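Asks: This structure is in structure tokens; I'll ask about it shortly.
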Amino acid sequence: MMVHMEVSWLRVLLDNISSYLSLSSMDDLSSNPAHKYYTRGEDIGKLIKPVLENLIDSDAAPSELLNNGFEELAQYVDELREQFQSWQPLSTRIFYVLRIESLASKLRESSLEVFQLLKHCEQHLPADLISPSFEECIELVKLVARDEISYTIDQALKDQKKGVGPTSEVLVKIAESTGLRSNQEILVEGVVLTNMKEDAELTDNDTEAEYLDGLISLTTQMHEYLSDIKQAQLRCPVRVPSDFRCSLSLELMTDPVIVASGQTFERVFIQKWIDMGLMVCPKTRQALSHTTLTPNFIVRAFLASWCETNNVYPPDPLELIHSSEPFPLLVESVRASSSENGHSESLDAEELRQVFSRSASAPGIVSEVVCKTKRNNNAAADRSLTRSNTPWKFPEERHWRHPGIIPATVRETGSSSSIETEVKKLIDDLKSSSLDTQREATARIRILARNSTDNRIVIARCEAIPSLVSLLYSTDERIQADAVTCLLNLSINDNNKSLIAESGAIVPLIHVLKTGYLEEAKANSAATLFSLSVIEEYKTEIGEAGAIEPLVDLLGSGSLSGKKDAATALFNLSIHHENKTKVIEAGAVRYLVELMDPAFGMVEKAVVVLANLATVREGKIAIGEEGGIPVLVEVVELGSARGKENATAALLQLCTHSPKFCNNVIREGVIPPLVALTKSGTARGKEKAQNLLKYFKAHRQSNQRRG
């Protein structure tokens, strides 16, 4: 049943969904190997978001059971968002996709549970709470595809052990599903997996090492099969000797060079490989002791002679390097096979998207699509449920950094004692005089702190925080960035917030904010200051320490991620009255008005800060001078429900006791959208709109009396 109680997890879930949906503005999202899982999460998010908004606006609040459901779903949404934001091109794609797929599956099941709980409470809710009904929402979530590449990989590994596979069709499916669409990506994956396997062997983790060995074999077969396909495509009267073909380009070489491992590659391709920070031989997967490229005159001479004899003209490597090589393994036949078996995801996705876009106005459309696709999805669901369970856990993905790799396997699990032992060793490494040692230690702690609450507690208990704080002044850009991110991850734990602040982190964090080497470091410094400012006493301390001006600078000139983190921090700091004037004097209003352009995807963040600043005289003046009134009116008319609410609150503050602003706002045509808001806005939005309209009426009557 529904009772009146705090709805904190409901709001957290709504905020998390909004943050997740905002990922659609990321430039590199479409190239993410797990993009299709983002789309599935987006479909669920767009379905549940209006339900949550209406639930917040209603008089009913969730029961404890439902609040628990919101909490679980909020955590899955946030974890999924973090995974998409943390994607790095030079990390293992297979494990990344498997992790995303696992979270996407949990998200789907958790959202089903939430809708089922809401359905049980439906009689306690207003009749017009949502459209379509909860039953229809349940059916829509069930339509979200749940085919699993993890099942395909498990089967491929089993077939591999039996010596009967995998088939080319299976290789294609794995490659396409994990974003391994070029020979270079396949080779990178093999190198990353090999490094992870070596780390597993060092820790005597035989189960993990065996699993990784199977995946390495799969990537090797992908490379070999792609090589065979490429050989068949070469228009040569005779077969091209393998020694004349570059393992990276799969083409005839024109400028063969030797690397430190003794292997020969086409110069421009191996140079690109090294320039990416891959200090490992693509063929042998050995570490390269140096980057010198030695011309292989012998191979060049033999190659020239062979080409002349066989009348073959090698392609221009400079043209090849700028073109991407797709993975051409029978793609059409695989898609045709999937379609025959009822797994044509593109059709399901298209139909489902139509339902999501039309369901609010035409709920009857749901049953039509449900009936049409339920049988097909059941087949996929049945097969996915039969996949074998394995006790092995995903290792954390590996991130590559120039000039080498970080040789630390990241686990998601581990006993508290083993983690504590490792953390103590890492803390000693943080104090090392070797930058390489410090770099590896901060990178490892960063991952540990991100992975679990228990890890964050252990890291803080082992007194890692003071050492991390001191590294904020490091002259090594990677160490500094990872140290900041470690503190950000640790600050998720409320007790750690105080430990971080009491370790003197505020001033060093501001130092990074001002002078950080990487945009990532500046953005995460802003995010950490926001996290600390949740505690009331630190709002004043952060403001007095000089954080506001660099936060405003980041708001104006930082990356999009940095702008968002700066806006969030400024919002929290501006709640404290003494900080409002500092934010205004630092020039934040101009940037906030600029960021209300929908192209930035920051309208809601900018508006809520302006609403805070509009409560003081200096803020009102600045908003008026910087052209904030027209954009606030535009948000009232065209913004999201939350955006309209906060824009109206800001306009109400501007107009109160200011006939000049009142006239300006009216001239911008705000009255029609305000009237509409009184009928369809959030509860607070309706209240603010009604108050503003009343104020306009009183203002008009006052003018008439004076006239």
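Using N, Cα and C of the backbone, Cβ positions are placed for all residues, glycine too.
The domain 'U-box' feature in Swiss-Prot is assigned to 239-313. Here Swiss-Prot flags 453-492 as repeat 'ARM 1'. Residues or ranges marked as repeat 'ARM 2' in Swiss-Prot: 494-534. What Swiss-Prot lists as repeat 'ARM 3' is 536-575. The repeat 'ARM 4' feature in Swiss-Prot is assigned to 577-615. The annotation repeat 'ARM 5' is assigned in Swiss-Prot to 617-656.
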Asks: Average the pLDDT scores across the repeat 'ARM 3' (536-575) and report the rounded value.
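Replies: Averaged over the repeat 'ARM 3' (536-575), the predicted model reaches a pLDDT of 91.
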Asks: So how many of the residues in the domain 'U-box' (239-313) end up helix, strand or coil by DSSP?
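Replies: Across the domain 'U-box' (239-313), DSSP assigns the residues as follows: 26 helix, 12 strand, 37 coil.
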Asks: Per DSSP, what is the residue tally for the repeat 'ARM 4' (577-615) in helix, strand and coil?
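Replies: Once the DSSP states are binned, the repeat 'ARM 4' (577-615) shows 30 helix, 0 strand, 9 coil.
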Asks: Summarise the repeat 'ARM 3' (536-575) by DSSP state, stating how many residues are helix, strand and coil.
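Replies: Tallied per class, the repeat 'ARM 3' (536-575) gives 34 helix, 0 strand, 6 coil.
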Asks: Using DSSP, tally how many residues of the repeat 'ARM 2' (494-534) sit in helix, strand and coil.
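Replies: Once the DSSP states are binned, the repeat 'ARM 2' (494-534) shows 33 helix, 0 strand, 8 coil.
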